[in-house]
Amino acid sequence: MKQIYLKSRAKINLSLDVRRKREDGYHEVEMIMQQIDLYDNILIRERMDSEIVLSTNCIFIPTTSSNIAYKAAHKLKQRLDITRGIDIFIDKQIPVSAGLAGGSSNAAAVLMGLNHLWSLGLSTKELMEIGVTIGADVPFCLLGGTALAEGIGEVLTPINSDIKNTWIVLVKPAISVSTGDVYGSLDLSKIVDRPPTAQLLEAIKEGNIYDVSSKMCNVLETVTVNKYPIITEIKKKMMEYNALGAMMSGSGPTVFGIFKSYERAKSAYEHLSLFYKQSYMVQTYNGGTEIG
């Protein structure tokens, strides 16, 4: 039976602004998203029957039809009237419920993997159109690299970034945060500081990590930090260990710091990992989902 291996990469937000709440309940956002070299390994293998069977090494994610990667496979099969079945195995390395789009990345990898495995010939744009019906971050995870995301996150403008291979340290505290609860608690009238998106985009294009680090802003911190003071604690530690800037990614609770060199990132990682079990040292990545 045919099979395919994929690397399903995480993302961080270099900025996140919420512009308004729509009548359908969704929030319109303006955010800069950056792929990083932290990934889950995914194996997709054909089955003799028509079933979708998902398994994983992680006890914290479902293996039923509620799993976003399962939904991606089901949606693609349904859309193209495909009766073939598949096994999906997810070797989870990206922290769960962390603001890093781990689930969305898995869904994107499944869409891309099945497109390749079954020689469907769908374009990235067509895959993104399917992906947005599953989750707002799925289109970016298909695109990869660096992008400005607008709408509910599905309107993407690729950015010609010059901050390639920048060293990042991530810390995911031992708490879980509900994205829905964070957005539900956000009071748009009380947001004072918003990301200077145009200036950030210019700094990214110029490869100026000092300006990127100093101008990063996430308005969702106004909610999550108040509920979970540990996020502020981690940000302070990042700066003490020579980060150029530190910020919460997405709705949290993961905090990341940007470092100007491998040596400084490694030193910070070694110190932070003494306090926080889920600490990671990674780089920015610009290659999208990797097959094989």
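Placement of Cβ uses the backbone N, Cα and C atoms for every residue, glycine included.
Feature annotations, reproduced from Swiss-Prot:
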ACT_SITE  Lys11  active site
ACT_SITE  Asp137  active site
BINDING   Pro95, Val96, Ser97, Ala98, Gly99, Leu100, Ala101, Gly102, Gly103, Ser104, Ser105  ATP binding site
Asp137 (active site) versus Gly99 (ATP binding site) - Cα distance in angstrom: 11
Recorded positions compared (Lys11, Ser97, Gly103, Ser105) - highest count of Cβ atoms within 10 Å: Ser105
Other same-chain residues whose Cβ falls within 8 Å of the Cβ centroid of Pro95, Val96, Ser97, Ala98, Gly99, Leu100, Ala101, Gly102, Gly103, Ser104, Ser105, the recorded ATP site, in sequence order: Ala10, Ile94, Gly250
Whole-number Å value for how far Asp137 (active site) lies from Ala101 (ATP binding site) (Cα to Cα): 7
Residues that sit under 8 angstroms from Asp137 (active site) by C-beta distance, when 6+ apart in the chain: Lys11, Met33, Ala101, Ser104, Ser105, Gly153
Intrachain C-beta neighbours of Pro95 (ATP binding site), sequence separation six or more, cut-off 8 angstroms: Gly102, Lys172, Thr254, Gln278
Protein Cβ atoms within 10 Å of Gly99 (ATP binding site), excluding its own: 28
